[in-house]
There are 4 protein chains.
Amino acid sequence: MSEVKKVVLAYSGGLDTSVILKWLQDVYQCEVVTFTADIGQGEELEPARAKATAAGIKQIYIDDLREEFARDFIFPMFRANTIYEGEYLLGTSIARPLIAKRLIEIANETGADAISHGATGKGNDQVRFELGAYALRPDIKVIAPWREWDLNSRQKLLDYAERHGISVEMKKGKSSPYSMDANSLHISYEGRILENPWTEPEEDMWRWTVSPENGPDQATYVELSYQNGDIVAIDGVTHTPHQVMEKLNKVAGANGVGRLDIVENRYVGMKSRGCYETPAGTVMLKAHRAIESLTLDREVAHLKDELMPRYASLIYNGYWWSPERAMLQTMIDASQIHVNGKVRVKLYKGNVIVVGRQSDNSLFDENIATFEDDAGAYNQKDAEGFIKLNALRMRIAAKKGR
Amino acid sequence: MSEVKKVVLAYSGGLDTSVILKWLQDVYQCEVVTFTADIGQGEELEPARAKATAAGIKQIYIDDLREEFARDFIFPMFRANTIYEGEYLLGTSIARPLIAKRLIEIANETGADAISHGATGKGNDQVRFELGAYALRPDIKVIAPWREWDLNSRQKLLDYAERHGISVEMKKGKSSPYSMDANSLHISYEGRILENPWTEPEEDMWRWTVSPENGPDQATYVELSYQNGDIVAIDGVTHTPHQVMEKLNKVAGANGVGRLDIVENRYVGMKSRGCYETPAGTVMLKAHRAIESLTLDREVAHLKDELMPRYASLIYNGYWWSPERAMLQTMIDASQIHVNGKVRVKLYKGNVIVVGRQSDNSLFDENIATFEDDAGAYNQKDAEGFIKLNALRMRIAAKKGR
Amino acid sequence: MSEVKKVVLAYSGGLDTSVILKWLQDVYQCEVVTFTADIGQGEELEPARAKATAAGIKQIYIDDLREEFARDFIFPMFRANTIYEGEYLLGTSIARPLIAKRLIEIANETGADAISHGATGKGNDQVRFELGAYALRPDIKVIAPWREWDLNSRQKLLDYAERHGISVEMKKGKSSPYSMDANSLHISYEGRILENPWTEPEEDMWRWTVSPENGPDQATYVELSYQNGDIVAIDGVTHTPHQVMEKLNKVAGANGVGRLDIVENRYVGMKSRGCYETPAGTVMLKAHRAIESLTLDREVAHLKDELMPRYASLIYNGYWWSPERAMLQTMIDASQIHVNGKVRVKLYKGNVIVVGRQSDNSLFDENIATFEDDAGAYNQKDAEGFIKLNALRMRIAAKKGR
Amino acid sequence: MSEVKKVVLAYSGGLDTSVILKWLQDVYQCEVVTFTADIGQGEELEPARAKATAAGIKQIYIDDLREEFARDFIFPMFRANTIYEGEYLLGTSIARPLIAKRLIEIANETGADAISHGATGKGNDQVRFELGAYALRPDIKVIAPWREWDLNSRQKLLDYAERHGISVEMKKGKSSPYSMDANSLHISYEGRILENPWTEPEEDMWRWTVSPENGPDQATYVELSYQNGDIVAIDGVTHTPHQVMEKLNKVAGANGVGRLDIVENRYVGMKSRGCYETPAGTVMLKAHRAIESLTLDREVAHLKDELMPRYASLIYNGYWWSPERAMLQTMIDASQIHVNGKVRVKLYKGNVIVVGRQSDNSLFDENIATFEDDAGAYNQKDAEGFIKLNALRMRIAAKKGR
């Protein structure tokens, strides 16, 4: 336990990681480097700097990773229409590999031999942080205080904070009874009354979306422009990836879009109940499927659909930096070359309704699809042979008495 | 073309199949048996009998298949959370194999050597009818007039009808510019302005649902009871499968739930645009996932998810009566043994929101999942070894310079 | 460490488990029940009884599990044409769940609260034993001495044995430098010179097979009769499952059939090199595919093939007693209903050559397959439509300039 | 039928395509361009030129495609360890897309509006030729005489040849009762006595391999060097792709390696029996798996294995030029970046035995894999947590009474 010289801590400035900071200094007697990232969680970062300074930290990293997060993590994931267990848009999962990567980069820059994080021993996040870290630097030491210390309740944590003069009133005003996580893609809630899956969440839990009931009575229409499977413009105006997230979060959230309440299967083996707000992501999933419906070959689309659950599990389970995720990504990205065009979406009281899609790369052929006379574009007689040969194996089987 | 003695025609009593009836008599000079089924499309069947009689038909079958349809086709399909191309609930697809089966049964009963249907040569339905028919009776002859005759436009059809004294004012009052199909699971619209995927459907196209805008301002809560993956009661009251469909269609449709507007890939190779109303089905998909989230093992659920797209394609493409669909069904059904319990759902202006799930077979363990002290139910230290070994292959690779 | 009252030990009577027996008595101060199974490894079991008695054991279980092993484990696995990483026939993997099951049954019978085994902390077997045990009795305690003690080398083990008067000359005569495992399905070799994957194994390592060079100059023909996917007779003579294994091991081994030399990926994250002899299994895989080639529907066969690697991984990784393996087995078993008939196999100097297959359930139709005139059984013109519609999506794409 | 101006015929110079040539001139009254390719079938091409000239053909293409075939078709396919239905190495299937591509290229060069081939309406080859052609030039016309004419028996063909002065004694000396196909990867046999799957092929049918019985009594060792998954040298000597095929066919065939006798499922819906000789391919499959076993990540390898059956079906069914095959290829090729090193293989009387593999990109770590003291490279205690968490979901289920 004593061999650590310098540790990079993923530091939010909140109670938990402030206690961890102190605890690392005390128990490991090592230098601590703090790393605080803006990944769109919507909190001021400067207080974290002040607190770290006050705690005697000399190397303080505060990074704005919002564009990188959207461009290199969120967008690639949405190219696959990724959704875990039919419902979850992987908001927490997709941020962790970026944090892991920066932790290792900073460790390399500062000559640190260890990293530390505030994730508990029961959750998925420890796995995501650590698998990423090990994949990127195999000899890194990982300190996961929640798995080591005996501060296994809120009260013990508070006592420790008080004993060591750690300011507890932090995050005042928005203190919440829930365990929460936020970034450009989503905000999540776990714990407390949610631990009973039969209980409906209270309205005041939600932070990013109005309820469908409180959305405007007039629908909002949004036009999304795609290039290679990514949104590049909204209503005709070019947006960077992070600007897309920001803009869509705002407009979708205002229309009550993006709430989710599920029981999910954690990688560590238990079921847990979580509530999520993913306003932009909910629109993006629907709209991306719509632009693909016009521009993607059928079999390519089906193959993507069949592989998606596995790709989603890889991300959920923390394998972003694995070779198998990279391999799948190669294929997914290759599929997006023609996914260009526009999707028109209507947002209304919780609904995301696709009302139009168009593309210069469209494979939709009105001449063939039409119910009217198609002037010979399609020979209906071909269907007979098509059916007959597709039926042949079943006919043979039936003749043989099956 | 002349060797048919007796043909069973899937007969709706509408213009198209009335023309087909006459055409079969004329061209094939054979006896025609009509078969008209109630599969929940919401139309009177007796007019079909009258018309068939008027056309000189002696063997007229009119069957109420609604319970069989829900019990043996819709329900098994929903056990798999089946959805085609991420969106479509397979409303048309799932009805065809039942029609195919009855056509063959009636052919066997009446000594017919052929069947006939009114599906065009461009669509999926011809495939679904005929694959089913061939699988169930390999030597059956199939007459698909739309692939044979030259009545390839609406006007030619009307002329033919007039020439042969076929009443054309039929279906008056609800005549529609769209190509439509309806049954207990859904109603579909294709053609006309929908052939441009950039055009939003007109509000007056929709028949089974109010628009989200016109749904009640007060949400409706529904409690669904599951047994072996199937809904057996609504709000505590036992319902047969068809009653479930009827009840949920009504309550969901009244709340604006179940509209869908997509571009899909047909089995015959083209893209087409379709709009669908599936009120009950939309609720059922969401609720079934919710009850499974509590009662299904993680890996079982994931395996189901990975196989679902293929299962959906099998149904979409007309392979209900294939051995591979049967094999998958065996597995799906086996997975449902513990899928029992209740799901509470909130319906509101187009939204289906799961607000609670509970089950005596729940695998959710509050003692383990809790963020509070779990009294040793879970040893957080186990996570370290779990992560370390899962990371091992990536660490070795990284050490080797990858 | 001290809370164990009674432990059931998987006991071979060899050095390792004899040391473990003593170590359990010393360290855990608990009663030990020994369990020794005949799963076809070809060793006398009575010496194990004598040694256990000498060590003061009062409850000694010695079971002949050979028929159960073949019937309930080997045979179901072969129904899926199971093969791990394209090569390995899972000889060790498939025996472990049976041992796990018996350990738990005996624990239940004897009121034991723990089980123990001699598998190391680096291998797959610990996982297989323990996942099975936990699945069958979730509160069981597991003692895995190799993960606990400090006897981490051969010499330390020998010293311990000597210190405690454990007879070391055991297994004399057939002592081997390799780490070995044997049962009715195979014998395996790991370690020593095999740890260099570039080194060819020495001829005298192999025990169950002659080298291809030393096989007879005359081929041996064997006729296998299948019922529901299982071999039920050899050369017309009914055999029980274990008799099948015994007979085929003998005849195949005598013809140099069944050697394998591979590098495989362990579940715990490392690559390892192993050599295997699986004479019967090598014949069974080939012959089962042959009888399926005649009797299985194409799409059923292909679906099985696509799921097989996952099924193999489940077994390799120790998930025999998992719900997902059970679910897959349901489907696999359902596929075998028509897998009846005979396969003729030629064995010659390492080769297994299928030379004939026949079945009353054959789907092979000579009239259709023939290159000669088929009297109209198949209409070649159907192929045009079949090809045209299958090509349609690619033609549309090409027309659009892709 | 009469609108064809110029047709490119895949012309072997044999009886069938000579008759087709004449028939095209007569029936379609159009100009014929002949295309004859050397893809390693081992026949003189100049006689084809002479015959075409004699038949009045002005545009005669004779191409040596052997390197392109090996480099762009065979090698990419082997990167996936491709094998259809567990047995077949796709020798015929993989050559057809190349022929289709050249037919279209030549049609484009010569201003032809149609292509023609000699494949029957019952087989897979028609599909492979035509899907490729349509994908590469969607408006091409395809003339498949076997589906059109009435020369549906050998005798009628011979009569036609005689009537039109087509020399019949061609291919004398090696006339065969079997329907055959040959190229650098394999030679195949179908028809006649093979149409009974219970009948063993006669020894004198086989042309490229000696029987195992007649292989040399001394084994032959071969060392294969891999770069990015492809063989680049044999026994240390650089070889081009086609040279690899030639060399390995020779050495493997001389050792009785590569015979196969199977019943397979054709895409057009029937089962057929085929015999194949694939000497080089049999070695390549085995050796490629061996080099991958050392250099590929476990999960990458497993994902490849799970997708392989589908990739194999795509090739078998004629979808080489489809977007889904291209997408899969992207992924497969990306996986091969580290597949470098050497494999040593022993060939002996039908056996291909891997006896060594080594690689600078090896992921095999002797320090970790060793059964001896590993000096802390691997912490055995990690396994406990690994197992415990992997077991958790099953333990919870068991506690809940499942």
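Heads up, the Cβ atoms here are built off N, Cα and C, so glycines get one too.
The domain 'Arginosuccinate synthase-like N-terminal' annotation in TrEMBL covers A:6-166. Mean model confidence of the domain 'Arginosuccinate synthase-like N-terminal' (A:6-166) amounts to 96 (pLDDT, 0 to 100 scale).
Of all Cβ atoms in the shown protein chains, 15 besides its own fall within 10 Å of the Cβ of A:Gly14 (ATP binding site). According to DSSP, A:Gly14 (ATP binding site) is assigned to coil rather than to any helix or strand. What TrEMBL records for A:Ala10, A:Tyr11, A:Ser12, A:Gly13, A:Gly14, A:Leu15, A:Asp16, A:Thr17, A:Ser18, A:Ala37, A:Gly118 is ATP binding site.
Within its own chain, A:Tyr88 (L-citrulline binding site) has A:Leu260, A:Ile262, A:Glu264, A:Gly274, A:Tyr276, A:Tyr316 as residues 6 or more apart in sequence whose C-beta sits under 8 angstroms from its own. Look at TrEMBL and you will find A:Tyr88, A:Ser93, A:Asn124, A:Arg128, A:Ser179, A:Ser188, A:Glu264, A:Tyr276 tagged as L-citrulline binding site.
Listed in sequence order, A:Thr92, A:Arg96, A:His117, A:Ala119, A:Asp181 are the same-chain residues six or more apart from A:Asp125 (L-aspartate binding site) with CB atoms under 8 A from its CB. The L-aspartate binding site annotation in TrEMBL covers A:Thr120, A:Asn124, A:Asp125.
The feature domain 'Arginosuccinate synthase C-terminal' is assigned by TrEMBL to A:178-396.
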Count of other CB atoms lying within 10 Å of the CB belonging to A:Gly118 (ATP binding site): 22
Distance [Cα-Cα, Å, rounded] between A:Ser179 (L-citrulline binding site) and A:Ala10 (ATP binding site): 17
Around the Cβ of A:Asp16 (ATP binding site), the count of other Cβ atoms that are within 10 Å: 18
Cβ-based neighbourhood (8 Å from the centroid) of the L-aspartate site, residues A:Thr120, A:Asn124, A:Asp125 excluded: A:Ala119, A:Lys122, A:Gly123, A:Gln126, A:Val127, A:Arg128, A:Arg266, A:Val268
Least buried by Cβ count (within 10 Å) of the binding-site residues A:Ser12, A:Ser18, A:Ser93, A:Ser179, A:Ser188: A:Ser179
Among A:Ala10, A:Thr120, A:Asn124, A:Arg128, which are binding-site residues, the residue with the most C-beta atoms within 10 angstroms of its C-beta: A:Arg128
Inter-residue Cα distance where the pair is A:Thr120 (L-aspartate binding site) and A:Ser12 (ATP binding site), in Å: 15
Of all listed binding-site residues, namely A:Ala10, A:Ser12, A:Gly118, A:Ser179, A:Glu264, A:Tyr276, those lying near chain B with CB under 8 A: A:Ser179, A:Glu264
A:Asp16 (ATP binding site) versus A:Thr120 (L-aspartate binding site) - Cα distance in angstrom: 11
Coarse DSSP state, helix versus strand versus coil, of A:Tyr88 (L-citrulline binding site): strand
Inter-residue C-alpha distance, A:Asp16 (ATP binding site) and A:Asn124 (L-citrulline binding site) (nearest angstrom): 17
Cα separation, A:Gly118 (ATP binding site) to A:Ser93 (L-citrulline binding site) (Å, whole number): 15
Shortest C-alpha distance to A:Ser188 (L-citrulline binding site) - which of the binding-site residues A:Ala10, A:Gly14, A:Ser18: A:Gly14
